[in-house]
Structures are given as structure tokens and as C-alpha cells.
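What follows is a set of notes on a single structure, which appears directly below.
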Amino acid sequence: MADHVDKKPRIGEELCINTIRMLSADQPSAGKSGHPGAPMGCAPMAHVLFGKTMKFNPKNPKWSNRDRFVLSNGHACALQYSMLHLTGYDLPLDELKTFRQWGSKAPGHPENFATPGVEVSTGPLGQGISNAVGLAIAEKHLAAEFNKDGLNIVDHYTYVICGDGCLQEGVSSESSSLAGHLGLGKLIVLYDDNKITIDGSTDISFTEDVQKRYEAYGWDVQIVEDGNFDHAAIQKAVDAAKAVTDKPSLIKIHTTIGLGSKLENTHSVHGAPLKPDDLAATKEKFGLKGTESFYIPEQVKKFYDKTVSGAELENQWNDLFAKYTADHPKEAAEYTRRMEGKLPADWSKNMPKYTPADAGKATRQYSEIALNAVATALPEIVGGSADLTPSNLTHLSMSGDFQKDTPIGRYIRFGVREHGMASISNGLFAHGGVRPFCATFYNFIGYAMGAVRVSALSRFGVIYIATHDSIFLGEDGPTHQPIEMNAALRAMPNMYVYRPADGNETVGSYIAAIENQHKTSVLALTRQGLPNLAHSTAEAVAKGAYIVANLANGAEVEELEGEPDLVLIASGSEVSLSIEAAKLLTSYKVRVVSVPCRDLFDEQSLEYKKEVIGEGIPTMSVEAAATFGWSDYSHTQFGLDRFGASATIAQLKEHFGFNPNTVADEARKLVKFYDGRSAPSIFDRPASHLKIRPKARKKFKKSSDPTSRRELKRSIEKKFRLRYTSLQLAYEQRLEVLAARVQDAVNQVHEDASIHCLQDNALTSEYASARLGEVVHECFYGERERYIKAMSDQIAWQASDLRESQQKLRVVQKKETDALRQWKLAQRDVQALHHQLDVRVQEIQDQKKREVEYKVRLRAVIEEREAARREIKVLKPNVQALEVLQQEQIALKLRIQSDGEKGQVAHDELSQRVKRLQETTSKLELEKQASQQEAIHLKHLLSLSESKNREVMQALQQLQGEDYPSKLARLDAELAHQQQMAALAEKDHEDLKKRYEEFGVQVEQYMSEQTQERAALITKGGEQVKQLQDQLEAVGRQAQDALKAKQTEATRVMDQLKFRQEAFAKAEKKIAALEELTNGLKDMPWLE
């Protein structure tokens, strides 16, 4: 029970929120299916968004500048339907009462095409928040393109409500990461943090810090602690998020799932309607009528009605757009066209065309040319690749990248995020004004399949460009080679898979994809080069398949004379392969059919299909992929029903047989199998292969056991096979008897000829021939015709009987299926009732046992309460003593402060002594520097002396060759004088050097002494300070220990008292509940 919810009547906004809660809870109860828990917890968020924040016009859900809302946790759709009804959308209350029923506008999860006001189809968790990223990208791009001169015709927000499950899905991580990188400031996500999943609490699987995670993505994150009742805090957070313009916002809101119900805050309230008594009691708690369903007070209707205010908002925008149109008519017309989804006239007139003379290319290269031609003609083309641009060849040459600072760009770098890319593309299309494409390897479409399926379901014309479409991508091997993707995507409703064979078909595929705006398209393109075909056209793609070549005697011809002997039907790279194989079939007339889009061909008339493929002609399909589905259009299939291999393209073609010789050999086998007979019709096929006679139908109807039904089917089939086998044996035996009679007649003829003695050989031969003809005709042909007529009549009767039986069988099978389904449902309901009864009986028995235990525990609790009261009386002196200790603690703090001041004085004196010591050291350093300069000067004098000596020696060398004794003597004297001067200079240098060294030793001694003295002073001062600090810390620790001891004792006593009081209160409540339950059970006779 939710005892925090009182029964006071609510007024104002509280009444609005509680009405949302109960209106959302009524819908699953009415539909007997659904999820009431999340809507009941998220009601305040919806109130703030729909009632006070978002701008929209419910009478025009497609107003282009409306705020977009996405319910990412789509299972909570009852909340969205409640808000759409309350605010005035075309969703009457009667539709809410048919929640989850056939034809209702309130389906089990939001569907964009079923309910006015729903932007995107959600339900698969994580898709909605990712779609919202696409909506926000579209808004930012269109605003950059069209907003001019302060006339902001594109100016709206995208709001999301999501849950724990959405943020656990990997696709939300991919999209949220990109949203942070792109700085989508108008994306605001309200995260319903109720910490409950289907399995239980998120503690068992989801304990990450979502706040830090999204901050790391580059988001602004806020937290609202009370999301159950504090709607003002939610409003404040939303307003703050709108003020953040450079990054997306996440508001983490703590809520309680199923708030107010008996099952609140449990996983049991997630996905099942509330029980009637619980629903009524919850309504009463919230101040509403417990006995009335789908009750909406009048004041609530008035508060939420947005039909008038919404129209005013749109009219204000219309006035702005009128001014914009006057100033910028061209841009206004373009904006209108794009938002209405219209294509310009003759938009495809400049698309390229190809002939066999043009050099062959891979279809991905043709795609690059075609995509840029389309993007040039249609500025709404926006998209990108999942980090495979150089391989997919999808870059738009006429535009730059869409980035945070360049939103005008049309090319989106999605990164390695295939699933996020596809889901974001859905959001881009849902917004309008842009036509998205996205690209990856064909095999990696599987990574994005969840979002691709939603594309088709939502009728979004997203274009998926999928390159490297077969095993012929080569050495990358089977991890990258798509085998099953063609079959998987062709099986998907509302999906067109294009596999073009050359340049013209690639262009045609783009034209068809663009023009089919509400069909999802996949373009499967080759890595390897392909030739341009002689008779391929872009226009032919629109019908899905066409005759691309006719061959007779191994040569191509315009038309075949008569019907062909063989039809080869192929797609993509196997079309040119089939033409080459047909050239080897020189004995046959061959038609080659290209199928660029089998899904489009499925939609064509039967007459066109017969015109293309023909009737009764052996037909073989050729495709380098799984053969699944090709039996619809062929008698035999040449494909690849296994994974590929890592090898060169040539090796793969040889090993798997995709070469002209092998294909031609398989085609010959097919033609020889029918050996001139007409092949079975591909188009005129029975709906069922099982034919049951009327007698067997009665047995079938009586049987209800699935095992016996299967055995009966097998026995009936066996009987029919045995019957037709016996008829065939009887026919063969009859032929043998007739042949024997013919032989006897021949022998008789020869005997008659001998008897008549006809000598003329010619006459004998003529007589024998005539007689033999009569006998053969009488014995063989006449009998054969009679037998065949009898057999034909019998077979015709049986066929008529079987057709009638088949028709009746279908009716019986349908009735039986319906009856069996109803029987299973009834059996399931009975089992559920039995189970509920057993559970209820067990609960009552357990309650009785617990009642006795509670009474015993109650007595113990009462005794403990009395003891606690006595302990409180005893503890009163302790409390007084605690106050005394607190006073002592204050005095101790004052003493510590005083001692600290004394320590500060001592510390200041020590600092002064250290400062004086530093000044002395500085003086010594200056003296040392002066000594060093003097030494440098002496070295300079010595170098000058040495230079002079060198000059003298040079002059002496010049004079050695001359005979001048007097000059020589004078020079000798001068040399001696110079030597004496050099000796004196050297001696002075040595003296100075020695004095310098002695001075250095003195300086070092002085520095050492001063350092030791300073260290001693510092050590002594530090010891004194440390002693003082130790004393202070010791005193403080003593005081703190004493204080903590008293506080711990007091806290322990108070906690014990509080625990006992809570236990007593819980026991009283449980006893009261048990007494109420017991009184209620007395009136239940079935319990006895």
C-alpha cells in the first residue's frame, strides 16, 4: 500500500496530474492488456510538457514549426494517448476505451500513421531517443538553410521521455554520442529513472552512472530528485535546458513506477492492468471517483484544451511566414515544397544514361554519379555513411559536412554506428523537409535491422545504400559477404530491394526510390565492375523486371521466333552472367529477364508477368545469394545456400560455379528434364498442396489432438499416392495386354497369308499391312481410346471432388483453427484462474500464520517499547553530561587556538633567522663571483703573453735565412726579455690561481659552517614546533575521543529507540491490515 498518498481532494495542477495517471491506468484495464506503471509515474513530465511547455496545434498536427514529442518507451503509450485526447487532437475518448483493439487509434505501441499527433513509431526500446536525434538534426539544418534576417521560420524543440530500458539499448548510446558531438541544443530528454525493469530492480543489471555517461557524451545533465510530486522542479529543469543552446540536455527524474497502487515500485506493475479493487482504491487516494472509469473533471478539460491557444500560435507563425515570403519568395516556395513532400517538375531530366560503349564500372560507382545528380536536383537530400564513405562512394560533392558549427552541410559523418545511423535517418524523414539516405556494407545492414524494420513499418522513404552486395567482394570473406540479406529484406513488408545490373538500372533504381516516398528502399550495389547492357533502361526498373536480352543460336536478336525454349531470370551482377551463359546454349532459344526489384515485380499485373516470363517455359533463376523466394518465378534456382569464403573473385566464381559454362550446364539439365513438354505454370498454382476427400474430412474434423492430426494428414497423403500409383500400374498392365493382342494379330495375319497361298509378294505385303492395320486399330487404339476416356472421366470426377473437398476443407480448417484458438484461450484462462485461486488460498493461509506470529511479535515490541522508555529516562543524565562535554570541547578549541598563536610567534622568529642566514649566503655568493671574474682576467693576460711569444717566434723564423749578426743578437736579447716577462706572468698566474683556490676553500668552509648552523637552527625550531603541535594534537585527540564516545553512545541509544518505535508502528499497521483482511474473508464461503 502506498501510505504516502493521502485521500485529500486535489485541486489545480495536482488534479490535472492525477487525472492523467488514472486515465492512463484505465486504458490497459479496458483493453485487458497494457502497461500502467510507467504512465502513472511519468504523468508530471507529460503535464509539464503538454500543459505548459510545448507549442503545437492539435487541429493541425502537421504544422511545420510545432515542437516534436517522442515517447521513446513506447509501452507507456497510454500516457501519450491521454495527453493527445486532453489537448484536443483527433483522438476521442471512445478510442481510448478501445485501447489495443482492432482498428483502434490507440494501438499497443505508438504508430505514426495510426494516431494523429504521434511523430514516430516507438516500442523497440532505444529507437525513440535515436529518432529524436534525427528530428533535432533536421531542425538545425533547416534553420541554418532558411532562417534569414531575423525571420526564424524554423525554430522548435524536440522533447523525449525515455526510460531505463531505452538507455540500456546500444542504439541509444550510438545516437546520444553523435548528438553530443553535433551540439544539438534543441534536443531535451526527460529520463524516467524509476529503477525498475521487467526482471526486477535495475540493481541486478544496470548500475552505471548515467549522469557521468551523458556528461562524457557532451550533454548538459540535470537531476530532479522528486519526480512524483514536484512538477515545479521539472518545469524549472526544462526551462534551464532550453537556455542551454550549445549541447543537448538530459534531465534525470527520479519517479516511482505505478505510483499510488498496491504494486507501486515493483516490476509487477510494469506490464499488466491493475486489478479492479486496486484501480478503484488508487483513484480514491488521488481524489478521484473510484467507481467511474475514464473520468475527466471539467477543470482538467479546460486546463489542457489547446485548440484555441494552438491555433493562435500557428497564426502567429503564419504572419511571420507571410513576411518571410514577401522578403524571400524563392526560399519560401522551396520551404513549402519540401515540407509538403512534393518533387520538382522534371527533376530527373539530367540523370545520366549509358550505352555498351561506355566503360564498365561497379554499380557503387554508378551510384556515386547518380546520387550526386539526385542531390544536385533535390536540395532536400541529406545523409551520410557509417565511416565507409570511401567504400560506399556516397560523398556529396556539392555540399560540405553537417557539423556543430556548419549545420548548413548536407553530409553527415555518422561514424561506426550503423544502428544509430538508421534510426537517426528515420527521425530525419519523420521531421519533413529533408529526404535522408544512409550507407554501409550490405552485410552490416544486419547491424541496423531493428531500425530498418521500423522504417518500413512507419512508411518512411529512407534510402539505404548497401555496397559490396555478394560473395564477389572477395578476400574479406564470409564475415562480410551477404548471403541471406536479399531474402530477409524482400520478405519485409513495405520494403523495396533494388539490385541493379548496370549503370542505367542504377539510375532507374534511384528514380524509383525517390518517387516511392513512402516505401523504404535498399540499393544493393556491387564492388566489382559490370558491363553496360545493350537493352537496359532506367524506365524499366519501375516495373521491377523486364526482358533484357533474346538469344537464338548463341547470338542476341531483337525478337525470338515463337516461344523461347528457356528463360533465365536474374538480378544484379548475375544478369550479364546469364547473358554470357545463354550465348553458350547454341541449340536453344533463350530469353534473359533482368529483375532489378523483385518487390516491384510482385505488384505488377498477371498479364505483365506472363508477358515477361511466359507460360509453360522452363525457367531458371540465377543470383549469387540465398535462393529463398525465387521459386515464385522459376522452376529451378541457381544460387548460394551456404556462406561464402575468403578468396579472389576469380576463385570464388570458379568454386561456386558462377561462370557461363556452369550456368549453361545447369540450364541444359532443366531443358532436358522437360524434354519438349510444357513446364508447369509458374502463376496458376493451387493455394494448398494438401487435398482431402470428403470422407477423410469427417475424421479430420473429429480429431483435436495435434499429433493425431499430423498422422491423419500423412495417412491421407499416403492413400492418395497409393491410389494414383495403382492406377498407373493398371494402365501399364493394360498396355502390355494390348501389345500382346497386337502381336497375336500379326501372327494370325501371316498364317492367313500362307493359307491363301498368295504368291505375289507385293499383294501379300499389302494384304498383311491392311489386315494388321485393322487389327491394331481394333485391338489397340479403340481399346486405348475407350480406356483413356474412362480414365479421363474418372480423373475429372476425382478432380472436381477434390476441388470441392479442398474448398470445404479450408472452411473446416478455419473453423477448427478458430475453435482450437478459443479452446486454448479458455484453457489458459481456466489455468490462470486455478492458479490465482491456489495463490489466493495460499496467501490467506500464510496470512493466518503471520497473524499469529505478528501478535506474538507485537507483545514483544510492546515490551521493548516500555523498556526503551525506561532507557530514555536513564539516558537523560547522559544527555546532560553530553552538553557538558560540548562546553568542554568549545573551551578546548579556544585553548588550541591560543597555543596556536604562541606557536605562530616562535615560527615567525625562526623565519627571521632563516632570512638573515639567506642574506649572508647571498653576500658570499657575490664574493665568489668577483673571485671568478678576477681569475678570468688573469687567464686573459696569460693568453696575450702566449700570443706575443708566437709573434716573436715568427719573426725569428723570418730572420734565420739572413746574415745579420747584430740583428740576431738584438733579437736574442729581446727574446730573452720576453721569456723573462712570460715567466713572470706565468708565476703571477700561478700565484693568483693558488690564491683563488685558497679563497674557494675558505668560501666552501664558510658556506658549510653557515649551512650546518642554519640546518641546526631549522631542526631545532622544527622540533620545537613539532613538540608544540604534538601537544596540541594530543589534547585535541583526547577531547575528540571523549566527545565521539559520548556521541556514539547517544546515537546508539537514539537509533535503538527509533528502530523500536518504527517496528512498533509497522506491527500496528500489519495487525490492522490482517484484521481487515480477516473480516473480509469471513464472507467468502468458497474458502471453507
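Using N, Cα and C of the backbone, Cβ positions are placed for all residues, glycine too.
In TrEMBL, annotation is done automatically, which means it is predicted and not curated.
What TrEMBL annotates here:
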SITE      HIS35  site 'Important for catalytic activity'
BINDING   HIS35, HIS270, ARG364, SER391, HIS468, ASP476, HIS480, ARG527  substrate binding site
BINDING   HIS75, GLY123, PRO124, LEU125, GLY165, ASN194, HIS270, PHE444  thiamine diphosphate binding site
BINDING   ASP164, ASN194, ILE196  Mg(2+) binding site
SITE      HIS270  site 'Important for catalytic activity'
DOMAIN    361-532  domain 'Transketolase-like pyrimidine-binding'
ACT_SITE  GLU418  active site, proton donor
COILED    907-1084  coiled coil
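Shown here: features listed in TrEMBL, placed on the structure.
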residue: HIS35; record: site 'Important for catalytic activity'; contacts (Cβ under 8 Å, 6+ apart): PRO28, HIS75, ALA76, CYS77, ALA78, HIS270, GLY271
residue: LEU125; record: thiamine diphosphate binding site; contacts (Cβ under 8 Å, 6+ apart): SER72, ASN73, GLY74, GLY163, GLY165, CYS166, GLN168, GLU169
residue: ASN194; record: thiamine diphosphate binding site; contacts (Cβ under 8 Å, 6+ apart): GLY37, ALA38, GLY41, GLY163, ASP164, HIS254, THR255, THR256, ILE257, ASN265
residue: ILE196; record: Mg(2+) binding site; contacts (Cβ under 8 Å, 6+ apart): GLY37, ASP164, THR202, ILE257, ASN265, THR266, HIS267, HIS270
residue: PHE444; record: thiamine diphosphate binding site; contacts (Cβ under 8 Å, 6+ apart): ALA386, GLU418
residue: HIS468; record: substrate binding site; contacts (Cβ under 8 Å, 6+ apart): ARG364, SER391, PHE441, TYR442, ASN443, ASP476, HIS480, PRO482, LEU525, THR526, ARG527
Averaged pLDDT, computed only over the residues in the domain 'Transketolase-like pyrimidine-binding' (361-532): 98
Binding-site residues: HIS75, HIS270, ARG364, HIS480 - member with fewest neighbouring CB atoms within 10 Å: HIS480
The residue listed as 'active site, proton donor': secondary structure state under DSSP, collapsed to three categories: helix
Per DSSP, three-state class assigned to ASP164 (Mg(2+) binding site): helix
Least surrounded among the recorded positions, given as ASP164, GLU418, ASP476, when other CB atoms within 10 Å are counted: ASP476
Residues within 8 Å of the ASP164, ASN194, ILE196 Cβ centre (excluding the Mg(2+) site residues themselves): ALA38, GLY163, ASP192, ASP193, LYS195, THR197, THR202, THR255, ILE257
Cβ neighbours within the same chain of GLY123 (thiamine diphosphate binding site) - under 8 Å, at least six residues apart: GLY74, HIS75, GLY108, HIS109, PRO110
Cβ-Cβ distance under 8 Å to PRO124 (thiamine diphosphate binding site), same chain, at least six residues away: GLY74, GLY450, VAL454
Sparsest-packed among the binding-site residues, when each Cβ's other Cβ atoms within 10 Å are tallied, from GLY165, SER391, ARG527: SER391
